[in-house]
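> So TrEMBL lists the following for this protein:
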type	residues	note
ACT_SITE	ASP87	active site, nucleophile
ACT_SITE	ASP89	active site, proton donor
BINDING	ASP87, ASP372	Mg(2+) binding site
BINDING	ASP89	GMP binding site
Amino acid sequence: MAAVVRNGNVCFAIFGKFRGFSQRFGAAACSRQCSTVTETTEEELWRQYHDTNQLAQQQKPLCKINPTSVFANNELCMGDVEVYGFDYDYTLAHYTDELYPLIYNLAKERLLMRNKYPESIMALEYIPGFAVRGLHYDIEKALLMKIDAFHHIQLGTVFRGHQQVSDAEVFSQYDGTHVPVDYMSSFHGRGKQMVQLMDMFSLSEMALLCDITEFFLKNGIEYDPEYLFYDVKNAVISVHLSGDMHKAVAEDMDRYLERGEEIAQLLRRLAGAGKKLFLITNSPFWFVQRGMEYIAGPSWMEMFDVVIAESRKPKFFTDTKRPFREVSKTSGTCKFERVTSLRKGQVYIQGNLQDFRQMTGWYGARVLYFGDHVYSDLADPFLKHGWRTGAIIPELEDEIKISNSTSYKDTISWLLALQGLIESQQKSRHDEAVQAVVQEWMKEMRELRHYTKDIFNPQFGSLFRTHHNPTYFSRRLMRFADIYTSSVANLLHFPIDYTFYPRRSALPHEINYDS
């Protein structure tokens, strides 16, 4: 430390003393308080570089985050929650990776049979891990990309088919990297020219879009990107609406569905504590019945006070006219009597939230609803109806495990320190000797940024952040979810009256006291 201070750069002493501060905001934040470096020779700059690098390596390792924890955006006292609601797919039911190629192949067959796509597309195979959830797709340009919380495209994450689009083309197509709000998004993630692909099933859709685009480009087949998008979209929708996916999963539960012993344990715990439980899902009841029996046993309905299938979310939360219909559990047909109450042990379809609230008396912050789709499951209940909300993000565990790795933490620590070095020399930008060194540092910073992206996903990086900003997905997650976790079963790690507190996030002008 003495050597560092002796070199005349006070910010590195601050960096060492307030380690959490520098790691949250980078040594760049510290450099704003630095005394001016009087010596700016090339030798002096490289001495600062090596001293800072050595200091970064000597720092005590960061603590690890528990991948199965529950994380809070808003303070949430579980003791105040009287009613627990759940989506089914990817909330109570977690699927194996075998589901993605199943949807991919079924949709591909529809493109061949219904839309008369070339028969050779049947040779295309689903590529695991190509895309991540929450990406934006430009319908008119056939471009798949990641956008940050400030509507800026992350360069290096724009793909046409399997080909990365150059930065120059991105600048040309969008007059920079910023995408106007009316171009990219509406309340539910659909804009005039762009759509955000948010649910877990969309991984198959993104893969098929990119694979067929690549197929057309390689084979010189002219196509309209908008036609391709809607052909693929409708094919994927048909896979769900036709019931073909449901039938395939139901016929081979061991292959497609994960066992849910902890899910069943959580449901029993909540019901045993006197909490009210309800299920609202878009899936058909017969499919939910098979899955819940697999997950929680044949008596699973005894734990739920209300079960609603084929709800057509998000319309369930906004449409006030559509009535509930009661369904026979044996025949699956709708009964003709008007539904005036929602009874335990019965099954209902369709309906709307207004009638749901009137029939149950479950209002506001007493209700906590869990779902995997930030828009369809959480946005309307959170913003319009005052429910507390929990997002289920299955990818979270793997992302945390990567961010817990020594290589990632060391890289981030050095990246932030290097960024501080670069920022500290901006006043000397007219000095050629200084700038030659700074350009070397900037080259290294770009390489470090690429590493911190590629370690999560070579094409698109982390689901949750760009280089230093949150992704657009993260922005919506923080907006619409009080808490988030990788599985509802993670609630078992906490007392039933536990209060989840958000971390105090320091603003750019504040010191990070939570270090």
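Cβ coordinates come from backbone N, Cα and C, glycine included.
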> Using the alpha carbons only, what distance in Å do you get between ASP372 (Mg(2+) binding site) and ASP89 (active site, proton donor) once rounded?
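Rounded to a whole number, the Cα-Cα distance is 8 Å.
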> On a simple 10 Å Cβ count over all chains shown, which one of the recorded positions ASP87, ASP372 is most densely packed?
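The residue with the most neighbouring Cβ atoms within 10 Å is ASP87.
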> Compile a sequence-ordered list of residues in the same chain as ASP89 (active site, proton donor), six or more apart from it, whose Cβ lies below 8 A from its Cβ; state 'none' when nothing qualifies.
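For ASP89 (active site, proton donor), the qualifying residues are TYR95, MET200, PHE201, THR281, ASN282, SER283, ASP372.
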